[in-house]
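Contents: one structure, followed by commentary.
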Amino acid sequence: MAAAVSRRINAALHVEATGDGESRHDIGVADSPTAKRINDAKDNDVWVPVQEGDVPGDSSRPLLFRTMKVKGSILHPYRFVILLRLIAVIAFFIWRIQHKNRDGVWLWTMSMVGDVWFGFSWVLNQLPKLNPIKRVPDIAAIRDQYESSASGESKLPGIDVFVTTVDPVDEPILYTVNSILSILATDYPVEKHACYLSDDGGTLVHYEAMFEVANFAKLWVPFCRKHCIEPRAPENYFGVKRQPYMGSMQEEFMSDHRRVRREYEEFKVRIDSLFNTIYQRSEAYSRKNTKEDGVKATWMADGTQWPGTWIEQAENHRKGQHAGIVKVVLNHPSHKPQLGSPASIDNPFDFSNVDTRLPMLVYLSREKRPGYNHQKKAGAMNVMLRVSALLSNAPFLINFDCDHYINNSQSFRAAMCFMLDPRDGQNTAFVQFPQRFDDVDPTDRYANHNRVFFDGTMLSLNGLQGPSYLGTGTMFRRAALYGMELPRWRAADTIKAISKTKEFGESTLFINSVLDGVNQEHSITPTFLEETVNDELTTLMTCAYEDGTPWGRDVGWVYNIATEDVVTGFRMHRQGWRSIYCSIEPAAFRGTAPINLTERLLQVLRWSGGSLEMFFSHSNAFLAGPRMHPLQRVAYLNMSTYPIVTIFILAYNLFPVMWLISEQFYIQRPFGSYILYLVAIIAMIHVIGMFEVKWASITLLDWCRNEQFYMIGATGVYPTAVLYMVLKLITGKGIHFRLTSKQTEACSNDKFADLYVVRWVPLLIPTIAVLVVNVAAIGVAIGKAATWGLFMEQAQHAVLGMVFNAWILVLLYPFALGIMGQWGKKPSILFVLLVVSIGTVAVMYVTFRGIYPSSDWSAIAASLGKTEPVVGSPGKT
């Protein structure tokens, strides 16, 4: 099974294009003068530099990033249309109140509540976007300032890199090893960064995979340095058809490339066989050393029992019940470069001019015990935060999901441009990079790239306190994670006073490390794992270490919320820290996204459920305090309440059920004026969207996919999240969300096979119901037009309603393709099904009206309430 899984993963990892407009053959040339001129030309069409004014602090230090703002010719009309729409919405509400529908007061009242919430939600979403700011790192400047010393020693601060994983199947191990290899090979001073892998499953396969990584890295890392390879994840690099050479040794490149690729294929075979190797070894050892109770242990290569989870689970070695483990796979390197050996008969690679040192690599798995809430990813991150403090204690750290890799080897320096800038760098808590993905289908059917959110919403927050923390690809300042005050409000002796308290727990070594950890001048120094240090590391990983401490609330990553990332960033912004959104080309990091419909919806369910949990927690935006920018507070309020509005969207989408009962059913009179208001308001929001497409540099397809997937979420996922939250408030029980699987049983022959896998879950039912209702409504509208004639008032109103129904179907088009499975490969089949379904309903209506011409369906509706129930086409405010 493991081999089959890896073959499927291999097929998924090999990419020819990124799917979001960034062709893979452009990687490596984006920094060339030609590419820079092209990128600058694009920026000049939309963005202009901001006058920096007086630089606080040491004015002799160069600025490390440029600030750009949207051109006035785009920004001012954009703001004017927003104001115009706000006036139109207010006028619409005034008009509706003046023309109250007294024939169906209950329905009019419900629609007014929905429209008011639509307007309120739109204001929350729009206000933080009024001042979009772009910040562009100057990597050349940071090199000149921190890496141009005569001694050749880098003055850049240290970075601890955190990678988290749980399951080697749901999160395939080949993704993890490529992520680690890209980190070890990144272009940052070797002695200045260390890599930590947190294996929450405690499986031996991850630990032994790290040894395979360490051995292959001895070849891969010097190869990348010698030939300036991009990207530095081997699976993704070798999966590119065109690989422009950016090094200076063209004559040696082809032979090195061929040999390294062969070595990598052998490396993959070893990784692929780890499951079987460990099992067979354990079977052999168990035959010799079987315990009296017959329990079979999992054995390591050195003949000792693995302290983590066993293949055949036993007491203290089962999933969720094992001791903590810390293993240093690669020790911290020396501070002096170590050149490799020249080519020889035994060694065909000439690394005589290449530094062959490797960064520190640590495997760890925290203690797990029954009865403890281990707090999922947030708990694992806090354990890494403490363990790293004793082993490397870098003042900065960056975290990755195991399926993300470094795509641009300059990304660490790009983030440091913001952290070390003389203007406000010391008050910057984190730098957030956008999430980019490799394995998304070319049309991005389910909006996996989410460019509207990343390059629109997150970019616009740069004009306030900065973007929210989004879970992966984020560089932090260790002091901010410790919950400390930012320098502008921090007293001189605050850090020293905090380090003497017990709020960080009972570990003396860890508390003593706090002072060094918040000093950005602190260098990573080798730590000798003496018995005392090992005992402290074990203590830091125990389940009970955080009991009675602020860990998980005021220190580290925040607990008890599904979206621990957003809430952790919120805590820092509430304290007054700022953040930066950094988008560079080529993309800094890339990862894997679930392109299966069900997995994508479950992922969004976890995010939306966590957002509602945030609103009903101590992290509510109303409780943020005076240090948070007012519009930043509005942005967080929008992030934590957006699923609520979808209850009204779902109701509107299901409303055509009433049209099937009544001949006339109006929400608002006069109906013609109501439609004109709706058309004007909806048109203006699309005009605003086109301005955002322009300044966010996204495509129309990105924008359309965003609209479509929002409607898919609004009809099923978001209302389900609201229901979950209501149940939690009533029962007091938390929301449990499953891990998003990166692997399905799809056939590996098709690169996008997962796209056509259908896994039926109750979450799909509401959206299917909306599809059925709107298809039926279009059929009835056509039937009415055919029965009464197009010039009759009833028929005209039915056709107007049909336009709304057709628009809903257009928005749900990706969902309809998704539930068709393999048939979704041929969209023409979907159109045939729609035409047949609509035609069938229309014929049935005409036939029924012909048999029962005097039937008055309005009487049925009248029996439910008022005597003259009349409603029309609903709309979105």
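The backbone N, Cα and C atoms fix where each Cβ goes, glycine too.
According to TrEMBL, the features are:
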TRANSMEM  78-97  transmembrane segment
TRANSMEM  104-124  transmembrane segment
BINDING   E171, D200, K376  UDP-alpha-D-glucose binding site
ACT_SITE  D200  active site
BINDING   K377, D401  Mn(2+) binding site
ACT_SITE  D565  active site
TRANSMEM  642-662  transmembrane segment
TRANSMEM  674-697  transmembrane segment
TRANSMEM  709-730  transmembrane segment
TRANSMEM  760-783  transmembrane segment
TRANSMEM  795-817  transmembrane segment
TRANSMEM  829-848  transmembrane segment
D200 (UDP-alpha-D-glucose binding site) and K377 (Mn(2+) binding site), distance between Cα atoms, whole Å: 8
Stretch among 104-124, 709-730, 795-817 sharing the most Cβ pairs under 8 Å with the transmembrane segment (829-848): 795-817
Cα separation, D565 (active site) to D200 (UDP-alpha-D-glucose binding site) (Å, whole number): 18
Selection from 104-124, 674-697, 709-730, the stretch that has most Cβ pairs under 8 A to the transmembrane segment (795-817): 709-730
Spatial neighbours of D565 (active site) among the binding-site residues E171, K376, D401 [C-alpha, 10 Å]: none
Same-chain residues at least 6 beyond the ends of the transmembrane segment (674-697) whose Cβ lies under 8 Å from its Cβ atoms: 42, 46-47, 70, 74-75, 77-78, 81-82, 84-85, 88-89, 91-92, 95, 122, 126, 129, 132, 451-452, 455-456, 459, 667-668, 703, 800, 872-873, 875-877
Which same-chain residues, if any, lie at least 6 apart from D401 (Mn(2+) binding site) yet have Cβ under 8 Å of it: V163, T164, G471, T472, G591
Densest Cβ neighbourhood among K376, K377 (binding-site residues), 10 Å radius: K377
